[in-house]
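Let me begin by presenting the structure, written as structure tokens, before commenting on it.
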Amino acid sequence: MQLEKQLQHAQCTFPFSHLGLLKTDNAFTITAWVPNATGIKVIDLATDKAIGSLKRQAQSDLFTAEFTKGNPPAVYAFEVKNAQGSYRIIDPYQFQDQAFHAVHFVDHLPKNVYQQLGAQLIDLDVGLKTPIAATRFAVFAPNASAVSVIGDFNYWDGSCLPMQKTDFGYWVLVVPGVKAGDKYKYQIKDAHGNELPHKADPVGFYAEQYPSHASVVFDHEQYQWQDTKWQQQVKGDKYTQAMSIYEVHLGSWKRPDSQSGKTYLSYHELVDELIPYVKDMGYTHLELLPISEFPFDGSWGYQPVGLFAPTSRFGGPDDFKYFVDQCHQNGIGVIIDWVPAHFPEDGHGLARFDGTHVYEYEDPRKGWHPDWNSCIYDFGKDTVRQFLVANALFWLDKYHVDGLRVDAVASMLYLDYSREADEWVPNVDGGNHNYEAISLLQWMNKEVYSHYPNAMTIAEESTSFAKVSRPVFEGGLGFGFKWNMGWMHDSLHYISKDPSYRRYHHGEMTFSMVYAYDESFVLPISHDEVVHGKGSLLRKMPGDEWQQAANLRCYAAFMYAHPGKKLNFMGNEIGQSAEWNHDSSINWHLLDYDKHSGIQALYRDLNTLYAEYPALHELDHDPAGFEWIDHENAEQSTLAMLRQSKGGKQQVYALSNFTPVPRTNFRLGVKAPGEYSILLNTDDKQYWGSGHSQNKTIKADKTPWNNQAYSISVSLPPLATVFILYKGQ
């Protein structure tokens, strides 16, 4: 195909071989492709004088001229005439070296992916008084026959700015004058010349919402962070610190007034409303359902397309930085859900990016997820591995987030996950472990903890895969923490039973301690447990209205007593009646009722108690911090445990009664003589409890009980958990 037709039909693979300034022995040639131009002059920008005119080639939009006198200009512009008048543009095709710079080091370090690819704002220092502001575009499309950058700056015309293909499958171009805020996409032709749906930038930093889904050029260097004090505070051992996580879907935590005409609160409005609430409630961390840009609201963010762009539903990238910054200035850590397991088929996204399987496994037995109707990343492909690890580092680097909760880890680890016998491909050893995904997760964790030792990674992993939260050098996956899905499943199953039947399920509340120290666990009552017909946490509880609330309070306090960091989804803390709906707000009006405000008050006090008493958090992941005092009283459905700090310096007993029967003069074995005091009783009237009488201070006597030399007699309220502090002799 002739060059003119290649350019006209956006089918030019190597424009640098034809356009721009090309030197010969004793001359230089300048060639331009400017659709709809009627004339072009070449302006030497060093002198701002014309050095000649380009001649149209055979009534085409291709213009060229050979210059046999003088030296080539260091940098030049075109004075273009067309039917509407004239304008000046700086020729993109003279900056070939600067364009190639994007891919010189991209494979060396994961961070280079977001520092070199995508739309990078650069200053071209070409000897002028002021550098030329430009944007360097670089995108990976190894099997495309042609790629053009299209956007506001060229009227979305794919014939205007063909990109240059490099030896490594990247396409590059520097475009002067493209600035922050300009919208763009890539027009890609597959290997056969067929035009694909216009693609958003895989490394785009900002994205528009439906219907355009366009990428937006963004400058990451403008925001001035104010969280230095926080960065100093977070140094330390995460395993011995209190961690109470409030899991939030930003789009439905609270909605604007219906008369505002807005669908969502903005990041700035969430700063004003969400942060004070979280701080007042005593949570240490926010965990946000996926922030990466996603097209479908109903996916809650778990079908992301723009991995490097915070969703613009609530504002721009700097607005999200401000949100994180303000969280830190208020002493709140920020964890984001991160989704490296799969991605959706949306036409503007990664699926068949250049007409081939660039990002996903080609074989559908590995590359298609039957549960979510989505594509699975090719975890064995170097460019994909770099892309994903880079994205993990990106959020820690550019947005200062404190941790990543990695979604759907089990689906990555197992080749036969949710597949029938004939629907999966064994690994090289004939097994079902995905070695490529395993090594990717190990690499990601090593990179995160190497560059950001104060950060944390948390795995949502629902199987018994070994050493998920153990270091890679010990043969583990390298995560900092793992969700304890077993505890969640067993304890919710138990608490949903009528109290009269709980005696037959007693082991469901104690079995978790058999494996409690195999991993570094987070106890999660997450969004997954209050959707899809499962009902709200309150509605899982049996009994009448009072018993449901009492069961929830008893269960919540048992969770805070149990070893492991804590996570609760929004709405749990007010005893929301309806299950979560992403299209509407939490039912905040329920706080007008004592039942719900009482539950909220309990969660607030549990967070305070958990943070203030080292016995309840310091040894969450050390067997020395826990002892069953009585875990065998199935007949009365009671449980008693001891939590203690390092060296036993502080001792807190937790006693739970999972029946509606009050237990007067209930005897509890204790370690030492002396005085004990009630720290918290979930049956107190302030929590909408019955206010069952209870002495605040109790003396131990030398009555052996529960294999202890001493014991105390307490009044154990119905459906309640009581925390008791040993004060000393």
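Each Cβ is built from the backbone N, Cα and C atoms, and glycine gets one as well.
According to Swiss-Prot, the features are:
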ACT_SITE  D407  active site, nucleophile
ACT_SITE  E460  active site, proton donor
Q | C-alpha spacing of D407 (active site, nucleophile) relative to the residue listed as 'active site, proton donor', in angstrom | A | 5
(Q) Helix, strand or coil by DSSP: which one applies to D407 (active site, nucleophile)? (A) coil
Q: Specify the secondary structure state of the residue listed as 'active site, proton donor' as given by DSSP, simplified to three classes.
A: coil
Q. Long-range same-chain neighbours of D407 (active site, nucleophile), Cβ under 8 Å, sequence gap at least 6?
A. P290, Y302, D337, W338, V339, P340, A341, E460
Q.
Suppose we draw a 10 Å sphere around the Cβ of E460 (active site, proton donor). How many other Cβ atoms does it contain, all chains included?
A. 21
